[in-house]
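Everything below concerns the one structure shown next.
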Amino acid sequence: MKPKQDGDLLEEDSPQENGVHTNQYSSISPPASPVAQDEPFSTYFEERVPIPDSENQLFSFRKLWAFTGPGFLMSIAYLDPGNIESDLQSGAAAGFKLLWVLLVSTIIGLLLQRLAARLGVVTGMHLAEVCNRQYSTVPRIILWLMVELAIIGSDMQEVIGCAIALNLLSVGRIPLWGGVLITITDTFVFLFLDKYGLRKLEAFFGFLITIMALSFGYEYVLVKPDQGELLKGMFVPYCAGCGPVQLEQAVGIVGAVIMPHNIYLHSALVKSREVDRKNKKEVKEANKYFFIESAIALFVSFLINVFVVAVFAQAFYSKSNMDVNAMCNKTGSPHTDLFPLNNNTLEVDIYKGGIVLGCFFGPAALYIWAIGILAAGQSSTMTGTYSGQFVMEGFLNLRWSRFARVLLTRSIAITPTLLVAIFQDVHHLTGMNDFLNVLQSLQLPFALIPILTFTSLKSIMNDFANGLGWKISGGILILGVCAINMYFVIVYVTALNSVVLYVLAALLSVAYLAFVAYLAWHCLVALGVSCLDCCSRMQMGVSRHTDMYLLNDMDSNALVDR
């Protein structure tokens with residue numbers, strides 16, 4: 001199969017419609033320039049994985065293997081320390097009763113990741129690049145800032161997760177700030193693994209996922225959860241005897257699983273395979289195999305999450321601080337003071353979780369837990385750095401050297417993390433994690449609304465645009481996910497008990513909701529709400545079909561002369 005570059009588009013296959021260049025299967029092309037063609041500038045894309053030919057085969061394991069990689073890198077966001085903490089807290093607070101929420105959230109995540117992968121495959125551009133071309137300057141900059149905030153929030157949790165793991169493994173000898181510095185150094189080293197080959201880099205991520213599976217799987221086997229209760233909690237969508245605490249935990253699961261920057265990441269990762277975008281059969285085939293690979297990857301991540309929930313559901317559900325204090329005191333743990341002598345329900349995070357496992361099941365359980373957390377934090381930190389690069393390149397159209405871009409994106413995310421690590425005690429990070437979860441929940445519409453908008457436009461996706469069923473179901477899913485996350489934000493804000501913070505939150509909410517409404521308006525037009533389209537045509541001064549109005553910012557120099 002002949003390798004295709006992002007900018008490949010034949011003039012003779014590119015008719016103009018209302019001044020917009022289109023080809024048979026994609027109406028947009030990435031920017032082409034002599035620099036971009038002669039010297040690759042994007043990390044992760046310096047080589048493309050060739051796809052083997054298999055004539056007239058409905059399914060080929062060789063092809064599936066060639067497409068395997070992007071989905072597993074994407075699935076790491078479902079296994080970051082924030083997700084692990086959400087898992088163990090849901091197990092300790094609700095037992096097995098919220099496993100069905102985790103299952104439904106993972107399925108919704110798969111459907112949303114499908115949209116991201118299709119956008120990247122069909123257009124040859126990732127979501128940030130498409131946003132850069134389709135939105136005007138001010139909304140584009142606001143959107144970029146919001147996505148950067150989401151990446152910073154996620155990155156802080158991931159780096160601190162690594163630092164906590166190193167603290168546990170070193171029995172407290174490595175302070176939190178020291179662990180952050182070690183993680184930064186490791187990330188820079190690992191990020192340049194793709195110099196040795198894209199498949200080797202993907203294999204390294206696979207190795208880290210395997211470490212997580214073995215680590216948390218060991219804890220699962222050690223604790224021996226009740227399999228009947230586990231299956232009941234997974235497939236019976238009901239939570240008997242649950243109250244506000246369990247409801248907030250269920251909302252937290254949804255927020256932790258579906259992460260905004262992961263949509264941008266996945267739409268970029270799929271560009272690493274050689275797919276002829278002018279060949280409808282190849283595009284359709286790529287969409288199929290990427291979906292299968294994503295489903296397998298998210299199934300693996302789901303099992304690992306289930307291991308964590310089940311361990312804490314079986315061993316620590318309904319346990320009080322006094323119960324844990326007594327057990328830690330009995331085993332001679334130096335961390336007994338973490339659990340006050342009262343009958344309040346046990347509250348855990350990834351640090352206390354390791355301590356509790358060590359108290360009840362021995363030091364091996366603690367150290368193996370820490371190894372799993374370290375693998376989760378290190379892998380998600382690396383993919384988070386890739387997300388930052390793709391987002392910055394796409395929105396700002398950067399053409400810097402790779403090292404400069406890695407340094408900038410890491411600095412933006414690491415600086416606040418290091419400050420938190422210096423001034424925060426490793427024992428008291430739960431409040432900050434709650435704030436970071438709220439921050440990411442607020443950014444969710446800035447990924448979900450654009451991805452539904454662009455994948456619904458025939459002018460961008462042509463034959464692969466969302467059908468009526470996907471438009472309706474996608475809109476309902478995104479509305480539901482955003483509503484759940486907004487509930488989580490409201491619960492967090494109302495618990496602050498500060499009039500000044502209430503006023504500040506109200507003022508920020510006005511600006512936030514106005515921008516979300518702007519994106520939603522564009523999305524509704526793309527979904528075919530014609531009455532809104534009339535208003536948009538008047539404002540933008542264009543008179544074209546509903547699915548064409550967003551293309552007024554297209555770069556007319558995007559074609560490559562052949």
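Cβ atoms here come from the backbone N, Cα and C positions, even for glycine.
Record features (TrEMBL):
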- 16-30: compositional bias 'Polar residues' (COMPBIAS)
- 1-37: region 'Disordered' (REGION)
- 91-112: transmembrane segment (TRANSMEM)
- 174-193: transmembrane segment (TRANSMEM)
- 205-223: transmembrane segment (TRANSMEM)
- 250-269: transmembrane segment (TRANSMEM)
- 290-317: transmembrane segment (TRANSMEM)
- 355-376: transmembrane segment (TRANSMEM)
- 403-422: transmembrane segment (TRANSMEM)
- 442-460: transmembrane segment (TRANSMEM)
- 472-493: transmembrane segment (TRANSMEM)
- 499-521: transmembrane segment (TRANSMEM)
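A contact between the transmembrane segment (472-493) and the transmembrane segment (250-269) is present, since 3 or more of their C-beta pairs, 6 or more residues apart, lie under 8 Å. Within its own chain, the transmembrane segment (205-223) has Cβ neighbours under 8 Å at 72-73, 75-76, 79, 300-301, 303-304, 307-308, 310-311, 314-315, 357, 361, 365, 368-369, 371-372, 375-376, 378-379, 382-383, counting only residues six or more beyond its boundaries.
Between the transmembrane segment (442-460) and the transmembrane segment (250-269), the number of CB pairs under 8 angstroms, six or more residues apart, is three or more, so the stretches are in contact. Outside the transmembrane segment (250-269), and at least 6 residues removed from its termini, the chain residues within Cβ reach (under 8 Å) are 44, 69-71, 73-74, 77-78, 80, 82-83, 85-87, 89-90, 94, 98, 101-102, 105-106, 108-109, 112-113, 115-117, 119-120, 126-128, 147, 150-151, 154, 239, 294, 383-384, 386-388, 390-391, 394, 437, 440-441, 443-444, 446-448, 451, 481, 484-485, 487-488, 491. Nonlocal intrachain contacts for the transmembrane segment (355-376), taken as residues 6+ away from its ends with a CB within less than 8 angstroms of a stretch CB, comprise 76, 79-81, 83-84, 158, 161-162, 164-166, 168-169, 208-209, 211-212, 215-216, 218-219, 222-223, 311, 315-316, 324, 327-328, 331, 333, 335, 338, 346, 348.
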